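Novice: Mind looking over this structure? Questions follow.
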Amino acid sequence: MVKIDYTLTIKQNLLFLKLVGLWPASGNDFYRLYTFVVTVFIMGLYNFFRVMNIFYVYTDLQVLTATIYLTVTDVTVLVKSCVFIRNVKTLERLILTLNCDLFRPKNQHQIELVYSGLKAWTVAYRLFWTLVFTCLFMWTVSPLTGPSRQLPVPAWYPYDTKISPNYEITYVCQVISIWILATANMNMDSLIAALMMYIGTQCDILCDDLKYLPKLVTKQGEDETEFNKKLVDCVIRHRTILSFAEDSNKSYNAIILAQFFTSSLAIALSMFQLTLVDPVSMESLPLLSYMFGMALQLFLYCWFGNEVEIKVR
């Protein structure tokens, strides 16, 4: 049996979740307060002003679509964060379960199977982060290139945002909120994809155990009792994988449903928005990076979910 720390692969993922207040620091009351401030005052107030803006621009279709395609995503992130926080204890327990002896590979071939799954997730995570960072950078700097004082995203505020220092303060607050929301969104989705990847990896190990079980027993000259013991170990592993998958599904089913609906709507609205701007202008770059980011977000769920479906059959 080989000791592999599965959590090392998602260490950066968990770190970002902790930075945005979504991964618990056990027994730390200050961190609970930090989570409350980030969720309610940063995510909540930002989304409140974004939603309020819809009631002021609903008569203008172009401005309305430019407002809605981002607003639905931001509101969904807030909802996902609340669901994630509610289920975070279960998710934390699942992460700790990964490093139990039952889930460890037993030979070199199984180690290669594990590293293959970990590598696939790492590549997808880095690609996702690159697209998200590009999109965030575009949203941050694009208003500065315009002739007038524009905010990164349209929103309603009970004061004039065109004058100083209102504009500068609002601009900074929006940038902070956008980066926190995007970081939370990306890392929640990446953690869910990682759990799917871990389930598929454990299925690979179980199949390898069952495939070579008769051969290993014959080669080692072991008796029927030892064979039965190893078979029972495989049954226990199988039941543990099923329990792990069931707990995982209960934790993120609602999140995936909300994300599929929101991403599909956001992609459609952003494509419509692309028809209204110059395709070679600075305005189109944030839209394109945002659209590709949404598509990759759905791809993560589809790819790793499909891998699990294939491996369990």
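If you go along the chain as it appears here, the first residue is 1 and each next one adds 1.
Glycine residues also receive a Cβ, built from the backbone N, Cα and C atoms like all the rest.
Found this in TrEMBL, in case it helps:
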- 31-49: transmembrane segment (TRANSMEM)
- 123-141: transmembrane segment (TRANSMEM)
- 169-188: transmembrane segment (TRANSMEM)
- 254-275: transmembrane segment (TRANSMEM)
- 287-304: transmembrane segment (TRANSMEM)
Novice: Could you check whether the transmembrane segment (123-141) packs against the transmembrane segment (31-49) - three or more CB pairs closer than 8 Å, residues at least 6 apart in sequence?
Specialist: no
Novice: Looking at the stretches 31-49, 254-275, 287-304, which one shares the most CB pairs under 8 Å with the transmembrane segment (169-188)?
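Specialist: The listed stretch sharing the most Cβ pairs with the transmembrane segment (169-188) is 31-49.
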Novice: Cβ under 8 Å to the transmembrane segment (31-49), counting only same-chain residues 6 or more beyond its ends: which ones?
Specialist: 20-22, 24-25, 71, 74-75, 77-78, 81-82, 85, 155-157, 173-174, 176-178, 180-181, 184
